[in-house]
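What Swiss-Prot lists as active site is SER207, HIS235, ASP331. Annotation comment: Swiss-Prot describes 20-138 as domain 'Response regulatory'. Per Swiss-Prot, domain 'CheB-type methylesterase' is recorded for 196-383. As annotated by Swiss-Prot, 4-aspartylphosphate applies to ASP71, with the evidence given as sequence analysis.
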Amino acid sequence: MSVALAGSPATNSAQYEPLRVMIVDDSVVIRGLISRWVEAEPDMVVAASLRTGLDAVNQLERVKPDVAVLDIEMPELDGISALPQLLAKKRDLVVIMASTLTRRNAEISFKALSLGAADYIPKPETTREPQAADIFKHDLLQKIRSLGGRVRRRAVPGVAAPAIAREPHPAPLPHPAVATPTVASQAALVKRSFGPTAPRVLLIGSSTGGPQALMSMVADIGPVIDRFPVLITQHMPPTFTTILAEHLARASRRPAHEGIEGEAIKPGNIYLAPGGKHMRVAKQGGNPVIALDDGPPVNFCKPAVDPLFMSAIEVWQGGILAVVLTGMGSDGMRGGKDIVAAGGSVIAQDEASSVVWGMPGAVANAGVCAAVLPLNQIGPKVVRLFAGDRS
């Protein structure tokens, strides 16, 4: 058994004590990489580096981690089997599932989310390719910091989570930091009136926590899907988006699939941006079609929300209703501003119901939202807006 432990935190720990990260992976290379990355961050420390899920379950109460990076495929006890045991022992443990990009692992990751995992991250096929390793590092550290900080903020009411949006180290692509409003300041956010034009298309952007939020929302908007097209960008890699589309189809009981280049956009369908490509909208013969873009990441994301939002204006002008759900970063803010400038409207998920209030917080803080609502109120509000309500 390969086990490395850090000292347990003091009972009278400071408010901004570094996040304690438990790394659980049977690959010594992956454990070593993640350990070095975490230890290089001033606001994190490696609480334990473990080889199996059984090690994690047995050591959990001793090492007291805030965040666990949990591999799926391990000997003795795999990640999906260890997950419920870990959460039974420590309900507020933030678990980030890590897996390679296979359909089986993607399906297991979705199951893990339903069992209480906070998020997932795809591991690169090889750590020898610098860009892949850099992206994995950037995404993992951001998830640890944002999700760990979110739990701490909930534990201390009225206290903003430390350093959620800051980027202390250079990233391979720019990813602007965004100040995250607290719940207390949310009531003071400036809200606009809904646009004068009745919406003709629904656009949705989401990231961390998005799969669960999307499945909840699409189950509430059946009447809208029946009469109007719905286009979604969820930050997610290939294979994962294929499975997410299947889940959305089941949740909504309507057709849902990854967008296809040149495909006509029609009412009655949910179109999901495929992993690894931006989904834009274009006109062909005067009709809206899907346009896939294999260009560089936008806002450090591919697919990104902004390309969808901004391209849709060329087709529907002010007849757009955009919804920004839970997620890290600020993707969707620039596109949201452009939608409002064109006469459309934007709704953001509120902080209390978001896993991470980065993306929705960014659009809300930018003053472009007509409403900032709990997740369970967004679907019904969308139905009313498409039925003609402009209030």
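Note: Cβ is positioned from N, Cα and C throughout, glycine not excepted.
Note that the coordinates shown come from a computational prediction; the quantities given were computed from them, not determined experimentally.
Between the C-alpha atoms of ASP71 (4-aspartylphosphate) and SER207 (active site), the distance comes to 21 Å.
Around the Cβ of SER207 (active site), the same chain contributes GLN234, HIS235, CYS301, THR326, GLY327, MET328, GLY329, ASP331, VAL356, GLY358, MET359, each under 8 angstroms and 6 or more positions distant in sequence.
Neighbour density at the Cβ, taken as the number of other Cβ atoms within 10 Å, is lowest among the recorded positions ASP71, ASP331 for ASP71. Using a 10 Å Cβ-Cβ cutoff, HIS235 (active site) registers 26 neighbours. The helix, strand and coil residue counts that DSSP assigns across the domain 'Response regulatory' (20-138) are 56 helix, 27 strand, 36 coil.
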